[in-house]
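A.B. asks: Got a structure for you, questions after.
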Protein chains: 4
Amino acid sequence: MPIPAPLTGVVPPVCTPLTPDREVDVPSLIKLVDHLVDAGVDALFVLGSSSEAAYLTDAQRRLVVGTVKAHLGGRLPLLAGVIDMTTPRVLDHVASVTAAGADAVVATAPFYARTHPAEIARHYRLVAARSSVPVFAYDLPVSVHTKLDAELVLELAADGVLAGLKDSSGDLGGFRAVVTGARTRPGVAGFSVLTGSELVVDSALALGADGAVPGLANVDPHGYVRIDRLCREGDWERARAEQERLCALFGMVGVGDSGRMGSGSSALGAFKAALYLRGVISCPVTAEPQVPLSEGEVERVGKYLATAGLL
Amino acid sequence: MPIPAPLTGVVPPVCTPLTPDREVDVPSLIKLVDHLVDAGVDALFVLGSSSEAAYLTDAQRRLVVGTVKAHLGGRLPLLAGVIDMTTPRVLDHVASVTAAGADAVVATAPFYARTHPAEIARHYRLVAARSSVPVFAYDLPVSVHTKLDAELVLELAADGVLAGLKDSSGDLGGFRAVVTGARTRPGVAGFSVLTGSELVVDSALALGADGAVPGLANVDPHGYVRIDRLCREGDWERARAEQERLCALFGMVGVGDSGRMGSGSSALGAFKAALYLRGVISCPVTAEPQVPLSEGEVERVGKYLATAGLL
Amino acid sequence: MPIPAPLTGVVPPVCTPLTPDREVDVPSLIKLVDHLVDAGVDALFVLGSSSEAAYLTDAQRRLVVGTVKAHLGGRLPLLAGVIDMTTPRVLDHVASVTAAGADAVVATAPFYARTHPAEIARHYRLVAARSSVPVFAYDLPVSVHTKLDAELVLELAADGVLAGLKDSSGDLGGFRAVVTGARTRPGVAGFSVLTGSELVVDSALALGADGAVPGLANVDPHGYVRIDRLCREGDWERARAEQERLCALFGMVGVGDSGRMGSGSSALGAFKAALYLRGVISCPVTAEPQVPLSEGEVERVGKYLATAGLL
Amino acid sequence: MPIPAPLTGVVPPVCTPLTPDREVDVPSLIKLVDHLVDAGVDALFVLGSSSEAAYLTDAQRRLVVGTVKAHLGGRLPLLAGVIDMTTPRVLDHVASVTAAGADAVVATAPFYARTHPAEIARHYRLVAARSSVPVFAYDLPVSVHTKLDAELVLELAADGVLAGLKDSSGDLGGFRAVVTGARTRPGVAGFSVLTGSELVVDSALALGADGAVPGLANVDPHGYVRIDRLCREGDWERARAEQERLCALFGMVGVGDSGRMGSGSSALGAFKAALYLRGVISCPVTAEPQVPLSEGEVERVGKYLATAGLL
């Protein structure tokens, strides 16, 4: 199905449930998709950071896209990450995920390789030229170690290279430049500007963003759907209250002991523990070499859920 | 063939010649292997940074290992990079390159994913547990964005997890800690400590390194073989003179205009231009999305070769 | 005069006009203060980044505070930066600026010295213990190279160490955590949470910030005063339009050629060129070793002013 | 007294002993100077990082230079750091330390302020133009957050702006470029290239460095003097053995618990504890806001001293 232009609303970056031996847990993945669709989200994004895409083998990635596509049918648009180091490797993923049914692909700038703005532009132009579906840029400096420049994004949008941006940079000022540019610049009609932040979705929508891709929407999709609806109704006060409730819930990402594990292990472990505690998935395990949460840390996730009224 | 323990001498990280349409240029790759073997190097390392591993598809990676293994036979040990983001993906590469004949694998810490020392240790333990050949650690902070800690490396060496280290961190103090520790610590016999620097191979050997993996050895393998021999003979003065000649030659990595391309494009472009000008490979092209050197920049590479007596 | 608790509204970080031989241009500084006061701002902040505090000698810093205090009298509260590397040096500045009349001091975490959260906390506790006026924390990771943690700020607020925060980190999610915590946590009443961003003042006020400290308010104080008023009236739509006009104006910070100067030279040069072109200051020169804007670059600043209706 | 051109040998960056109430402990400072001079060092460097210059007030800095100069008389050259953010502030320190008797000044690139290679060059040109004594560049990326480019250093050397370099970057390849350039480039005669590393002084001297400025030379000046002498005699093997002994001793910098303090507190605390345990200074306290070592951590410093034969 064609991706709306622009794509609006809540687009959860779907977690990838795993079995205890770290294979994709297909029944749990289907239950998670139902959990999200039933909450009224607008599209799904698989194989992003919240999906542990960096930890999934190519076979697992294909299985995820195929499973979600088959279960979703044409009900909602399906975006898929094509996370890899450089153009030739990304193009292999583009072929793979579009064959499995992705309606759009989401690509970062090159990483690991030393890069340059001219090479980033060249990368997106090549990916778009060989992709049969629209290409979204994924700005994630914490992983990619460069920041996508607003001007570059708008130039690639105007040239029809990029169909949208998922901005997880945390820099709302640069995000605004893309939002405003996408509205005012000739040739950029229909470009989708999506925030990847969990914490300022109301702010992003207020300044004109099309939608949001918050990892925490796995845990509480209803909350983000409510924010989106309240913002569209112009009820900023209640949107803010809902956002503040979700900010408190987001505190769960810090349950893991930083002496024992990285912030990624803690955050993804917390999301999966929450999905497990809410009965959505069968096993909270994360991919290797992430360190699992302790029993006490999982209990603290439960307290966050209880406080947010989710248990 | 078993990797010597320790592996000593010059181990060029073999460039990957490409055709104009960016496929692996097998005849050029074979000529390059001959060029290196004939110069008297001690082993070969494929699929590292100088090989543009980050830019090669999985099929191209397999073709590179298979080609070099078939041509090399058992004449020299063959190490192969397994560069990918996390453990499950690295393990797929381990299976692939060992099937194609690699005698050892070379793995970085996780990247793209946020990480932690405990997760890096877990990563190497899992990789080693499932690899049929020895595992070398690859310390390349400019790409991986974390630095391998000397103490962690020595601990993994003592536990039999790591067989060696390729250190491209540029931090000779930390490197020395591994060299000294590998000599003095119980249970670390046979551990290989290799510098990835082009510029201080004489210094590294003088302080006890086992060998070197310099990208510039593609261009002038004889020079690095001479340094290694002079150092082993204790002729430090002539080793230093040879090293200084190679430092001057290494200046070629800066020929590319930094307004137009990144430092990676410039350095890899210069190595390949030099191999092309020396008649070793048929085409100097680098992988996408790297920016090619201009004609004038290639001419400047030629001047570096001429000054070093290589044209 | 006592600083309001919380301090609200627009608090321009006052530029420091210089003479052609780089001395403080006292008459221009007084004119700039009038320009800001007449626009209806709520307080003034001298010796911050927009003031080129890092470039001013101690004598010049004293002259700036003394001049502004004398001219301002008790009309508005006066905050002064005490920017230096560590506690003992900061304490010297605290003594100096309070003697010259500052009503509050604004201090960063230690920089240049390698630091640690425990040392940052100790730093603020010592500064507050020896300051006769309230202490604001200044979060400016681009200069200080560490980020102030929201939890640490709230803890220091609850303990009466900090009276407020000027957040120039660009991280609106972390900013929101302080805003919300300052409202809900026991013992933190009256804490001032101010954004240092030029680009998302409407967003910051919408989520509950007390005020803003935008460098661009030197150039267009009326614009920021309008945003503040519109936000307080709940007229978010017109606040956003005004903010978007100011975002476009802010584009002036990029007029400087990045091949010839740093982003600081460009931004501070543009602010001062704008003040010069608007007739507020007599000379647009910036402190050494910043590179001056070219004539053409100054002309481009003029075009930004014209587009914004300020010429 | 004029600084030798080049300055050679061991130049300890002198620690600044403090009293329990954090004033300069003048008698201990004099004893420390004697300890260093008696060991046969070649010059002294005050107000560098090992001196806690970032933590000293201007009055304390003046007292340090004056005390050391008065005690030293003309026996050895005295270099003094002029560590501050930008040119105007550095120039104030230049005036102050030369008035107090410094024979040369040591300046970093601008920090805190965002900078640019053109601004760094401008900075050094202005400092040199207004300094009555030779100017050394101090390359310390861990504090300054930019790296001095070898080419820029050599250009400033050839123009007579810089008299030498203290390189604490840890990048021996870049250091070698300066060493070699200083020997071969026209107009750079007499330029001093000094390593700031504790761990590779033998390597640096072997590749042609003029001398070393190791913080650990406070604790064991005799060791570094021995390395220097052995290297000049070409006895590389014994130099390496001595260096390895000092590398083991340097392990003391890690005694501090990283959960409780930063690496600076740990390293400077260890140096001062060692000087205290060796009877050179009266009190091991470091400046605020550094966290002091615990009793157990000080004991571990003692063990390092014992192992190195220094107790």
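Cβ coordinates come from backbone N, Cα and C, glycine included.
Nobody curates TrEMBL annotations by hand; they come from automatic prediction.
Small disclaimer: the values here were computed from a predicted structure and weren't measured.
According to TrEMBL, the record shows the following:
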ACT_SITE  D:Y138  active site, proton donor/acceptor
ACT_SITE  D:K166  active site, schiff-base intermediate with substrate
BINDING   D:V213  pyruvate binding site
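Walk me through where these features lie, including what they touch and how far apart they are.
C.D. replies: In three-state terms derived from DSSP, D:Y138 (active site, proton donor/acceptor) belongs to an extended strand segment.
DSSP gives D:K166 (active site, schiff-base intermediate with substrate) a strand state.
In the three-state DSSP classification, D:V213 (pyruvate binding site) falls within coil. Listed in sequence order, D:V11, D:P12, D:P13, D:F45, D:G48, D:K166, D:S168, D:L194, D:T195, D:G196 are the same-chain residues at least 6 apart in sequence whose CB falls under 8 Å from the CB of D:V213 (pyruvate binding site).
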A.B. asks: Write out the long-range same-chain contacts of D:Y138 (active site, proton donor/acceptor), meaning residues 6 or more apart in sequence whose Cβ is under 8 Å from its Cβ.
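C.D. replies: Within the chain, D:Y138 (active site, proton donor/acceptor) has Cβ neighbours under 8 Å at D:G48, D:G81, D:I83, D:V106, D:A107, D:T108, D:L165, D:K166, D:S168.
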A.B. asks: Take the Cβ of D:K166 (active site, schiff-base intermediate with substrate) and count every other Cβ within 10 Å, whichever protein chain it belongs to.
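C.D. replies: Other Cβ atoms found within 10 Å: 28.
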